[in-house]
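Undergrad: The [4Fe-4S] cluster binding site feature in Swiss-Prot is assigned to Cys12, Cys96, Cys198. Annotated dimethylallyl diphosphate binding site per Swiss-Prot: His41, His74, His124, Ser226, Ser227, Asn228, Ser270, in sequence order, evidence recorded as sequence analysis. The isopentenyl diphosphate binding site feature in Swiss-Prot is assigned to His41, His74, His124, Ser226, Ser227, Asn228, Ser270; the stated evidence is sequence analysis. Here Swiss-Prot flags His41, His74, His124, Thr168, Ser226, Ser227, Asn228, Ser270 as (2E)-4-hydroxy-3-methylbut-2-enyl diphosphate binding site, drawing on sequence analysis. Among the features that Swiss-Prot reports, active site, proton donor is placed at Glu126.
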Amino acid sequence: MQIYLANPRGFCAGVDRAIAIVNEALARFEPPIYVRHEVVHNKFVVSDLANRGAVFVEELHEVPDGSIVIFSAHGVSKAVEDEAERRDLTVFDATCPLVTKVHIEVAKFAREKMDAVLIGHQGHPEVEGTMGRFSAQYGGEIHLVENEADVEKLEVSDPDRLAFVTQTTLSMDDTAVVIDALRKKFPNIQGPRKDDICYATQNRQDAVKDLAQRCEVVLVVGSPNSSNSNRLRELAERMNCKAYLIDNAGEMKKEWFAGVGAVGVTAGASAPEILIQEVLNQLQQWGGDLPDELKGIEENVTFSLPKELRIPVKEVGL
């Protein structure tokens, strides 16, 4: 059985930065360090950080006054940010800079008294944070749509003063369909100057398409609550591959590969390489060949840590 390995795969710059922020905070300051929401959507990563003193909470009321809290890579609403300031919490913001870019766009549209449309999945923390960056005090409104049916039902106050943004981890193909529907219904709708789908999401989706053309089965290493990992699985399935989303090698079943000539392995943007290697090892134990790593786009994007975590502790004033 041939094994093909997607490239790029796994950690993106935003995830690297978010995990580094938690690690640096734990190294500089004594636990507990509170983290609002899972810093990234991966069970292995979250469990490892929790074992070293990170305390994961869903809401700020679970964080004692005066504590250190880290916002997850998915971003938070303005209301959450304001609450942290009121309660004298020391905040290290691990929001991915590409998500922050969308926050800035939404806030700008609000100030310009426009309505905004967010293409995204209801209930996802990134969507909640972005929706919460739109201030209705200027008279506009933000609307959430997931698909063409939502666009068909959408009503806005002024179709000529309308703009859209997207969640960063969506399927490019699905998003293009929704954008086309928006432009058809609202010909004067404005879009972002640059596509909101992040570079890592796009690169990993391109890589899984390459993988699916060569394989009968595709394994996506990632947690069930990872949006970008789910999109990779769906994309492989659309290309007539059997595709499985797995947290780790222990979730694989040998019967998945009975009679299979080629299997592909990729990983979502929040899955660490160690989990990918464990999957490859298990496949080889079941008779797979040495993995063939496919060529792909080389990623050299990096994001710096907050300045408070780059200077000596005594200068931070904590």
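Each Cβ is built from the backbone N, Cα and C atoms, and glycine gets one as well.
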Undergrad: Across all protein chains in the structure, which of the binding-site residues Thr168, Ser226, Ser227, Ser270 has the highest Cβ count within 10 Å?
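TA: By the 10 Å Cβ neighbour count, Ser270 comes out on top.
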Undergrad: Give me the sequence-ordered set of same-chain residues, not including Cys12, Cys96, Cys198, with a C-beta within 8 angstroms of the centroid of the [4Fe-4S] cluster site's C-beta atoms.
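TA: Checked against the 8 Å cutoff, the neighbours are Ala13, Gly14, Val15, Ala73, Pro97, Leu98, Val99, Thr168, Thr169, Tyr199, Ala200, Thr201, Ala269.
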Undergrad: For Cys198 ([4Fe-4S] cluster binding site) and Thr168 ((2E)-4-hydroxy-3-methylbut-2-enyl diphosphate binding site), what Cα-Cα distance in Å is obtained after rounding to a whole number?
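TA: Cys198 ([4Fe-4S] cluster binding site) to Thr168 ((2E)-4-hydroxy-3-methylbut-2-enyl diphosphate binding site), Cα-Cα distance: 5 Å.
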Undergrad: Among all protein chains shown, how many Cβ atoms are found within 10 Å of the Cβ of Cys12 ([4Fe-4S] cluster binding site), not counting that one?
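TA: By my count, 28.
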Undergrad: Using the Cβ center of His41, His74, His124, Ser226, Ser227, Asn228, Ser270 as the isopentenyl diphosphate site position, which other residues in that chain lie within 8 Å, going by their Cβ?
TA: Val40, Glu126, Thr169, Asn225, Ser229, Gly268, Ala269
Undergrad: To the nearest whole angstrom, state the Cα distance for the pair Ser227 (dimethylallyl diphosphate binding site) and Cys12 ([4Fe-4S] cluster binding site).
TA: 14
Undergrad: Can you give me the same-chain residues 6 or more apart in sequence from Glu126 (active site, proton donor) with a CB-CB distance under 8 Å?
TA: His74, Gly75, Val99, Gly120, Gln167, Thr168, Thr169, Ser227
Undergrad: Write out the long-range same-chain contacts of Asn228 (dimethylallyl diphosphate binding site), meaning residues 6 or more apart in sequence whose Cβ is under 8 Å from its Cβ.
TA: Thr169, Ala200, Thr201, Arg204, Gly222, Gly268, Ala269, Ser270
Undergrad: Please work out the number of neighbouring Cβ atoms within 10 Å of the Cβ of His124 (dimethylallyl diphosphate binding site), leaving out its own Cβ.
TA: 17
Undergrad: Rounded to the nearest angstrom, how far is the Cα of His41 (dimethylallyl diphosphate binding site) from the Cα of Cys12 ([4Fe-4S] cluster binding site)?
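TA: Their Cα atoms are separated by 13 Å.
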Undergrad: Do you know offhand how many angstrom separate His41 (dimethylallyl diphosphate binding site) and Cys96 ([4Fe-4S] cluster binding site) by C-alpha?
TA: 13
Undergrad: Please list, in sequence order, the residues in the chain of Cys96 ([4Fe-4S] cluster binding site) that are at least six apart in sequence and whose C-beta is under 8 Å away from its C-beta.
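TA: Within the chain, Cys96 ([4Fe-4S] cluster binding site) has Cβ neighbours under 8 Å at Gly14, Val15, Arg17, Ala18, Ala73, His74, Gly75, Thr168, Cys198, Phe303.
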